[in-house]
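Have a look at the structure below, then the notes.
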Amino acid sequence: MCAKKYKIAALIVAAGVGSRCNSTIPKQYIKLAGKSVLFHTIKRFLANQYIDYIRIAINRDHESFYEKAISLITDTKLLSPVYGGENRQSSVKLGLESLQKINPDFVVIHDACRPFVSDVLIDNLVESMINDQYTGVVPAIEVEDTMSLVSNSFIESTISRGKLRAIQTPQIFNFKELLSCHQSVKEFTDDSSLMVEHKKHVAIIKGEKSNFKLTTKEDINMAKLLFEEPKFRVGAGYDIHKFIKVQNGAESFIKICGVKIEHNMAIEAHSDGDVAIHAIVDAILGALGCGDIGEHFPPSSSEWKDCNSSHFLDFAAKKAKEKGYSVSNLDITIVCEEPKISPYKVEMKKFISKALEIDDEFVNIKATTAEKLGYIGRNEGIAVHASVLLHTNFYWK
């Protein structure tokens, strides 16, 4: 098979107003990673080995949007646009008629709002069309959800999915055959159904789930998610607290990473003195550019007297979520002569990972001594270093 024996044009339909998307601008011009949906779609076809010409059917009122969308495209495969009509069928018809001078052997029809079409899918369509000499070939995916007939918000009956397929674009056809069919009717929402209506044989090949159409706001948000590169932020935190004698009648323990550890000394602090959580909170706030723990919970305020430090950790985690970030991983180094930390590491990891809503494998806790050097070496206190990596959240807004 040699596809280059054939002239192949792509007609991208971009004349719709996108009323279902509830957007202030037509959805084909919404930005994904700084470029319009239409730009991304055009680039897919410009890169394909079989496509010789590309024509875009646009809305007459969207000309300024279109010019901005293609301003960075210099490839001569992209022809001047044609104005579309009142509906999809009339836009396709006008687009086909504009290609008559070129007179391609085959035409590939594609929705502008399917920017995830792959090069492989375009290749498969063209090669199937040429190898098997079909009138048309379209991609289709199996219907996996239960299908029902509905009336007045109630299910009337359930439809068997066995023979059901969801038809996608791009769709490839014999150019003259498709043009003839369009010139004989007024309105069809899909080119393959138009051809079938005219008793033409249209074959299907396996489509791609990733080649979904951007129809609703939810689709747009999903597309933004897929196009957007994840963003990362790094933060470092440090805290140190002094050991003091246990007051008469008080429990003999300290708290580290939310875990009570028996010790013959107490920690001098305004809150509960969880030095590790304080370092973690500072690391998260630092990564977010939100100052430090003292700015949000000043030790001069009686409100935070003896406060459970888990409150501070919850605050930092919530602040990260508000800014669109989650903790990717956390590394903690506890420096003290006593108490021994190793017996409590598993419990500490569980506490911190639960508070941050991450798997405990992403929390690492190390402990070391100061080798009898300095104030920590003299067992006068405890210090903690914390490093955190944040990543952008992957969820639909």
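Cβ coordinates come from backbone N, Cα and C, glycine included.
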Exercise for the section: Check Swiss-Prot: it lists D239, H241 as binding divalent metal cation. Then name which of H263, H270, H278 it lists for that same site. Expected result: H278
Problem - Between H278 (divalent metal cation binding site) and R161 (site 'Positions MEP for the nucleophilic attack'): CA-CA distance (Å) - result: 56
Problem - 4-CDP-2-C-methyl-D-erythritol 2-phosphate binding residues D239, I240, H241, H270, S271, D292, I293, G294, T368, T369, A370, E371, Y375, R378: largest Cα-Cα distance, in Å and rounded to whole number - result: 30
Handout entry: Under 8 Å by Cβ from S271 (4-CDP-2-C-methyl-D-erythritol 2-phosphate binding site), counting only residues of that chain that are 6 or more apart
Key = H278, F297, P299, W304, K305, D306, C307, N308, S309, F312
Practice task
Name the one residue among K27, K213, H241, H270 whose Cα is closest in three-dimensional space to that of T368 (4-CDP-2-C-methyl-D-erythritol 2-phosphate binding site); these are the recorded positions.
Solution key: H241
Problem - Winner by Cβ contact number (other Cβ atoms within 10 Å) across the binding-site residues I293, A370 - result: I293
Practice task
Return the member of K27, K213, I293, T369, Y375 nearest to H241 (divalent metal cation binding site) in space, with distance defined Cα to Cα and candidates limited to these recorded positions.
Solution key: Y375
